[in-house]
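Annotated active site, proton acceptor per Swiss-Prot: His48, Glu75, in sequence order, evidence recorded as sequence analysis. The active site, proton donor annotation in Swiss-Prot covers His196. Annotation source Swiss-Prot lists 3-amino-2-oxopropyl phosphate binding site at Asn12, Arg23, Gly197, Gly218, His219, citing sequence analysis. Per Swiss-Prot, 1-deoxy-D-xylulose 5-phosphate binding site is recorded for Asp14, His15, Arg50, His55, Thr105, and the stated evidence type is sequence analysis. The feature site 'Transition state stabilizer' is assigned by Swiss-Prot to Glu156.
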Amino acid sequence: MSTSNRILLGVNIDHVATLRQARGTRYPDPVKAALDAEEAGADGITVHLREDRRHIQERDVLLLKDVLQTRMNFEMGVTEEMMAFAERIRPAHICLVPETRQELTTEGGLDVAGQEARIKAAVERLSKIGSEVSLFIDADERQIEASRRVGAPAIELHTGRYADATTPTEVADELQRIIDGVNCGLNEGLIVNAGHGLHYHNVEAVAAIKGINELNIGHALVAHALFVGFKGAVAEMKALILAAAKA
C-alpha cells in the first residue's frame with residue numbers, strides 16, 4: 001500500500017475497442033493502444049470484458065496477457081462465466097464491478113455489504129490464482145468496511161458522482177466524500193484506488209489526495225487522443241497526476 005506521493009496511472013482501453021466495434025472492423029486495435037500507453041508512462045492497463053461484449057473481446061484480453069510489459073487490471077462482473085475466464089488468464093489484478101446490460105457505463109459501485117457471502121466467495125476463489133482482487137465501490141463507510149470483511153486487499157472508489165457534480169458546492173462535497181473514503185479505506189488496511197469519469201479538468205484534485213495508490217482513467221484519454229495521439233494523451237495525464245500528487 002502506497003501512502004507516498006507516488007501515484008500510479010492505470011489506462012483503460014475499453015473505448016478504443018468501442019470505436020472498433022461500432023463498425024465491426026479490425027481497427028483501431030486496443031492492443032496497440034495498450035502498448036502505446038505503456039510507452040507513454042502508463043503503470044498498468046485496465047480492460048472490462050462485459051457480458052454483452054460491447055467493446056473488449058476475449059481475444060483482446062488473451063493478446064494483452066501475452067504482450068503487456070506492465071500489468072493487466074481485469075474488470076469483470078461476478079458471474080461464473082467471468083470467474084472461469086479469469087482463472088484461465090490469471091491476470092495480475094482483478095476488479096469486481098457491478099454490471100447491467102442497459103447502462104452506458106458502470107453507473108455505481110458494487111453492493112458488497114448487501115451480498116457479503118457471494119463477494120467473499122468470489123474474492124477467495126480469485127485470490128487462489130494469484131490475482132490481487134479489488135472491489136469497485138462507492139466512497140461509503142459501510143461498503144468499505146464490508147470490503148475488508150470479505151477479504152479484498154484493495155478497493156477502487158467510484159469517482160463518478162464527483163465527476164458529474166456541476167456546482168462548486170456539489171464538487172466540494174463529492175471531493176470530501178472521496179477524501180473520507182480514502183481515509184476510511186486506509187484505516188481498514190486496504191489499498192485504495194479510484195476512478196470513473198476523471199478527465200483533464202477534474203483529475204488534479206483527486207490525484208492530490210494523500211493515500212491514493214492508483215487512478216484508472218479511460219474515456220477522457222481516448223477522446224483527447226483524437227487531437228494529440230494516444231501517447232500524447234497518456235503522457236499529459238501522467239504529468240498532471242504526478243504534479244498534483246507532489247503539490
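For all residues, glycine too, the Cβ spot is worked out from N, Cα and C.
Feature map: annotations from Swiss-Prot on the structure.
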residue	record	DSSP (3 states)
Arg23	3-amino-2-oxopropyl phosphate binding site	helix
His48	active site, proton acceptor	strand
His55	1-deoxy-D-xylulose 5-phosphate binding site	coil
Glu75	active site, proton acceptor	strand
Glu156	site 'Transition state stabilizer'	strand
His196	active site, proton donor	coil
Gly218	3-amino-2-oxopropyl phosphate binding site	coil
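In this structure, the CA atom of Glu156 (site 'Transition state stabilizer') is 9 Å away from the CA atom of His196 (active site, proton donor). Checking the recorded positions (Arg23, Glu75, His196, Gly197, Gly218, His219) against Arg50 (1-deoxy-D-xylulose 5-phosphate binding site) with a 10 Å Cα-Cα cut-off leaves Glu75. Using a 10 Å Cα-Cα cut-off from His15 (1-deoxy-D-xylulose 5-phosphate binding site), the recorded positions that qualify among Glu75, His196, Gly197, Gly218, His219 are Gly218, His219. Those residues noted as binding 3-amino-2-oxopropyl phosphate (Asn12, Arg23, Gly197, Gly218, His219) have their most widely separated CA atoms at a distance of 25 Å. Cβ neighbour count within 10 Å across all protein chains ranks Glu156 highest among the recorded positions Asp14, Glu75, Glu156. Gly218 (3-amino-2-oxopropyl phosphate binding site) has a Cβ environment of 23 other Cβ atoms inside 10 Å.
Remark: of the recorded positions Arg23, His48, Arg50, His196, His219, the most isolated position is Arg23 (fewest other Cβ atoms within 10 Å of its Cβ). DSSP assigns Asn12 (3-amino-2-oxopropyl phosphate binding site) to a strand. Neighbour list (Asn12 (3-amino-2-oxopropyl phosphate binding site), Cβ cut-off 8 Å, at least 6 residues apart, same chain): Ile45, Thr46, Val47, His48, Gly195, Asn216, Ile217, Gly218, His219, Leu221.
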